[in-house]
Amino acid sequence: MISVMFVGHLGELALSAASMATSFANVTGFSLLAGMACSLDTLCGQAYGAGQHRMLGVYKQRAMLVLTLASVPVAAIWAYTGRILLLLGQDPEIAAGAGGYIRWMIPALLAYGPLQRHVRFLQTQNVVVPVMLSSGATALSHPLVCWALVHGLRMGSKGAALANAVSFLTNLSILALYVRLSPSCTSTWTGFSRDAFRGLAGFLKLAVPSALMVCMEWWSFELLVLLSGLLPNPKLETAVLSICLNTNSLAFMAPLGLRGAISTRVSNELGAGRPAARVVMLLALAVGASEGLVMLLARNVWGYAYSNEAEVAGYVARMMPVLAMSVVFDGLQCVLSGVVRGCGQQKMAAFGNLGAYYLVGIPAAFFFAFVFHLGGMGLWFGIWCGLVVQMLSLLAISECATDWDKEAVKANDRAFTSSLPQDMST
């Protein structure tokens with residue numbers, strides 16, 4: 001978000017190009033890696049709850065192999081983003097700028113997978129303070145990194161793209177040192193093992209549905225930016241939709257923390273996690289309502305944080321009421337998805353997300369934007385419809401379609417049948 005803010009003050013075209021590049025990067029790369037890493041929420045969490053601590057390190061290494069291999073074709077695609085966007089009918093100036101921006105994000109892609117693995121490795125052990133401090137330190141230093149690269153070294157928007165890699169690497173280095181040196185990780189990280197090469201098929205069996213679950217949701221939001229490029233005045237529409245997406249991502253951070261907590265609790269203790277899920281849902285509702293209120297109060301000034309253009313800021317102000325409404329439902333679905341991940345029901349949730357966004361959300365967005373001519377506001381209102389359906393489907397999965405006693409048995413079996421021989425003997 002900070003990187004886009006810096007680019008926004010370089011001009012409307014630079015903001016539109018960076019926004020398009022960021023959306024393309026999220027769709028083709030970051031969402032895929034984050035989704036596959038989410039399989040560790042289930043595997044590491046259940047192994048830790050079953051006392052098979054050494055398996056956390058093995059799962060982490062398996063994730064390293066899979067995510068590294070997945071990053072190679074993604075990086076190749078990013079190298080030709082400009083041409084791909086032209087084939088998709090995007091504005092030539094925006095496509096050219098996006099192609100240049102995303103090439104400088106390739107180092108960030110290579111750091112993102114390892115960072116996600118370390119975060120989930122620690123989180124599933126209930127080791128959250130180092131993650132919080134590391135993320136906080138990186139967030140505080142990121143504006144300085146952006147300024148140094150964008151203005152100090154005069155790299156412009158390319159510097160903002162490269163700043164993401166610097167921050168990811170900083171965060172990763174801190175967490176890697178903690179895992180290596182902290183006594184709290186001695187039982188879960190015992191070094192590299194050849195056992196990581198075994199059971200890759202079983203890992204992929206959960207990693208692929210996890211990726212689909214995340215991608216079905218994430219892609220639908222980023223697709224709004226691509227659709228905005230087909231509206232009249234694409235530079236304005238793309239810039240404003242990007243600001244809305246960044247604002248939504250910022251508001252998503254609080255529910256994301258709650259999701260991590262509930263996912264860990266459910267995966268560590270499946271049965272005991274159910275009452276906690278309801279408490280966290282109420283907390284997510286309160287947080288979402290508070291964030292929505294702040295958005296409404298700040299709607300007339302928020303756009304200026306991203307752009308000096310009065311037209312952009314005014315459009316953002318008109319979008320804020322719809323965005324505030326969607327934040328509430330986004331927080332609720334985020335917490336429910338944590339429950340689903342904790343019990344390993346990613347496959348069912350992936351189908352639910354597919355129906356919610358691609359049978360309801362995206363068609364509704366297209367209808368409101370291009371048939372009713374509501375522009376960017378119509379796009380966002382359509383995705384809000386998908387959010388509501390997604391929340392209801394996740395609620396049905398967690399409360400009606402999950403046999404919690406059966407899931408407890410499956411979690412125990414998964415932890416022990418995947419464990420190393422030396423674990424079984426202890």
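One is the number of the first residue shown, and numbering goes on along the chain from there.
Any Cβ shown, glycine's included, is placed from N, Cα and C.
These numbers come from a predicted model, not from an experiment.
As given in TrEMBL:
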- 63-88: transmembrane segment (TRANSMEM)
- 94-115: transmembrane segment (TRANSMEM)
- 127-150: transmembrane segment (TRANSMEM)
- 162-179: transmembrane segment (TRANSMEM)
- 200-219: transmembrane segment (TRANSMEM)
- 239-258: transmembrane segment (TRANSMEM)
- 279-302: transmembrane segment (TRANSMEM)
- 322-343: transmembrane segment (TRANSMEM)
- 355-373: transmembrane segment (TRANSMEM)
- 379-397: transmembrane segment (TRANSMEM)
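Listed by sequence, the residues of this chain that lie at least six past the ends of the transmembrane segment (63-88) yet keep a Cβ under 8 A from its Cβ atoms are 20-21, 24-25, 28-29, 32-33, 36-37, 39-40, 94-96, 98-100, 102-103, 105-106, 109-110, 113-114, 116-117, 196-197, 200, 203-204, 207, 226. Under 8 Å from some Cβ of the transmembrane segment (279-302) lie the Cβ atoms of residues 243, 247, 251, 254-255, 258, 261-262, 313, 316-317, 320-321, 323-325, 327-332, 334-336, 338, all in the same chain and six or more residues away from its ends. For the transmembrane segment (239-258), the most Cβ-contacting stretch among 127-150, 322-343, 355-373 is 322-343 (pairs under 8 Å). Within its own chain, the transmembrane segment (355-373) has Cβ neighbours under 8 Å at 216-217, 219-220, 223-224, 227, 231, 379-387, 389-390, 393, counting only residues six or more beyond its boundaries. Using a Cβ-Cβ cut-off under 8 Å and counting only residues 6 or more beyond its ends in the same chain, the transmembrane segment (127-150) has close neighbours at 2-3, 6-7, 10, 119, 156-157, 159-160, 162-163, 166-167, 170-171, 174-175, 178, 182, 184-185, 260-261. When Cβ-Cβ distances below 8 Å are used as the criterion, the transmembrane segment (94-115) is approached by residues 13-14, 16-18, 20-22, 24-25, 29-30, 33-34, 37, 63-64, 67-68, 70-71, 74-75, 78-83, 85-86, 157-158, 160-162, 164-165, 168-169, 171-172, 175-176, 229, 234-235, 238 of the same chain, each at least six residues removed from its ends.
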